[in-house]
Ligand code: TXA
Ligand code: MG
C-alpha cells in the first residue's frame with residue numbers, strides 16, 4: 001500500500017484524511033501524548049485493520065477519541081453507573097479534557113467488541129491536539145487509536161517514528177510536530193468504588209484526587225513484576241511485551257552520581273569487548289523532560305545501531321518519575337541492577 005504523507009496545515013489534506021477514516025481506512029495523527037493510529041471506532045472492520053497494521057494482540061482494547069466531552073454519552077451506557085461515579089466523570093472531563101486522561105466507563109451497545117476487546121467497558125479520551133480534534137470532527141465518527149507503532153516497539157512521539165513503523169501499512173500519516181508529553185495518557189477506571197489508575201501518565205493520582213476530592217488508587221499490578229501468579233493488570237495492554245528497543249537494555253538504579261560513574265565504567269568495559277554502547281541518563285528530578293524524551297531516545301539509539309543501552313533509573317517516588325519508570329522497566333525487560 002502507498003502511504004500518503006499529509007500536511008497538518010493543508011485543509012485539503014485534512015478533508016482527504018477525514019474521508020479515509022469515514023470510508024474505513026487508517027490515518028496516523030499527532031496528539032499531545034504520542035502519535036495515534038486512527039480508525040472509525042464504531043466500524044468493527046476498520047478497527048480490525050488497526051490490529052493487523054500494528055501486529056497487535058486482538059484482546060487488547062483501544063481508546064476511543066472524541067472531540068466533545070458530550071460525546072461520552074453516546075459511547076458510555078452511563079445508566080449502569082451510580083450517580084456518584086457519573087458526577088465524578090463529569091468533573092474529570094471539565095477539569096482535564098482536552099488532555100492526557102483516558103477514562104474507562106461502561107460501554108454503550110453501539111461500540112463493537114473489536115474496539116473493546118470484548119470487554120463490557122470502554123476507554124475514552126479527548127486529545128489536546130487541534131489536528132486530532134479536527135480529524136475526529138470532520139470524519140464524523142469517534143476515532144479508535146492506539147499508539148502508531150508496530151506492537152512491542154517504543155511509542156512514536158515524532159512523525160519520522162511513525163513513518164519508520166507504518167509506511168506502506170496504512171493509508172496516510174499526518175506529518176505534525178513532536179508530541180509535547182511524550183508518554184501515553186493516564187488510564188483511569190471509573191467503574192468501581194475508588195477511581196483507579198490502570199496506566200500511569202503525566203497526569204498523576206494527586207492531580208486527579210485534588211480535582212475529585214476523593215482518594216485515587218494505582219492498580220496494584222503496576223508495582224508488580226509480570227512473572228508472578230498474582231499479576232493481573234486490569235488494562236489488558238499492560239501485560240504485553242512493550243517498548244522494546246532492538247538493542248539489549250539494562251537499567252542502573254542508585255544515587256545519581258554513582259549511577260553516572262557506573263554507566264561510564266560499564267561503557268568502557270563493554271566497548272573493550274567490541275560492543276557499541278548507548279546511554280540514557282536524565283538530570284535528577286527532570287521527570288517531565290524524561291517523559292518527553294524517553295521513547296525518542298530509544299528510537300535514536302536503535303537508529304544509531306547500538307548493541308547495548310544502559311539507562312539510569314528515575315525516582316519512582318515522584319509520580320511522573322513512576323510513570324516513566326513504568327515504560328523504562330518494560331523496555332529493559334525488567335533487567336534492573338542496583339549500584
Ligand atoms: O496517549 C494515549 O493514550 C495514546 C494516544 C494515541 O491517545 N493511545 C494509546 O493507546 O496509548 P494504546 O492502545 O497504545 O493503549 C491503550 C491502553 C492499553 O493498555 C489498553 O489495555 C488500555 O488502554 N485499555 C483500553 N480500553 C480498556 C478497558 N476497557 N479496560 C481496561 N483497559 C483498557
Ligand atoms: Mg501502545
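Here the Cβ of each residue, glycine as well, is placed from N, Cα and C on the backbone.
Note that the structure is predicted; figures quoted are calculated from it, not measured.
Look at TrEMBL and you will find 11-203 tagged as domain 'YrdC-like'. The feature L-threonine binding site is assigned by TrEMBL to 33, 65, 125, 145, 185. The annotation ATP binding site is assigned in TrEMBL to 56, 60, 121, 147, 155, 199, 243. Among the features that TrEMBL reports, coiled coil is placed at 249-276.
Shown on the structure are the features that TrEMBL records.
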{"residue": "33", "record": "L-threonine binding site", "DSSP class": "coil"}
{"residue": "56", "record": "ATP binding site", "DSSP class": "coil"}
{"residue": "65", "record": "L-threonine binding site", "DSSP class": "strand"}
{"residue": "121", "record": "ATP binding site", "DSSP class": "strand"}
{"residue": "147", "record": "ATP binding site", "DSSP class": "strand"}
{"residue": "155", "record": "ATP binding site", "DSSP class": "coil"}
{"residue": "185", "record": "L-threonine binding site", "DSSP class": "coil"}
{"residue": "199", "record": "ATP binding site", "DSSP class": "strand"}
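Ranking the binding-site residues 56, 60, 199 by Cα distance from residue 125 (L-threonine binding site) puts 199 first. When every Cα pair among 56, 60, 121, 147, 155, 199, 243 is compared, the largest distance found for this ATP site is 25 Å. Note: the Cα of residue 199 (ATP binding site) and the Cα of residue 185 (L-threonine binding site) are spaced 8 Å from each other. Secondary structure at residue 243 (ATP binding site), taken from DSSP and collapsed to helix, strand or coil, is coil. Set side by side, the binding-site residues 65, 199 differ in how many other CB atoms lie within 10 angstroms of their CB, and the most is found at 65. Other residues of the same chain near the L-threonine site, with their Cβ within 8 Å of the Cβ centroid of 33, 65, 125, 145, 185, are 31, 36, 63, 100, 102, 127, 132, 184. For the pair residue 65 (L-threonine binding site) and residue 147 (ATP binding site), the Cα-Cα distance reads 12 Å. Largest Cα to Cα distance within the recorded L-threonine binders 33, 65, 125, 145, 185: about 13 Å as a whole number. Proximity of residue 56 (ATP binding site) to non-local residues of its own chain (separation of 6 or more, Cβ distance below 8 Å) is seen for 50, 146, 151, given in sequence order.
The two recorded residues, residue 243 (ATP binding site) and residue 185 (L-threonine binding site), show a Cα separation of 15 Å. Rounded to a whole value, the Cα-Cα separation of residue 60 (ATP binding site) and residue 145 (L-threonine binding site) is 12 Å.
For the pair residue 145 (L-threonine binding site) and residue 121 (ATP binding site), the C-alpha distance works out to 16 angstrom.
Along the domain 'YrdC-like' (11-203), the predicted structure has mean pLDDT 97. The separation of residue 33 (L-threonine binding site) from residue 147 (ATP binding site), Cα to Cα, is 9 Å. Counting only the Cα atoms, the space from residue 33 (L-threonine binding site) to residue 155 (ATP binding site) is about 10 angstrom.
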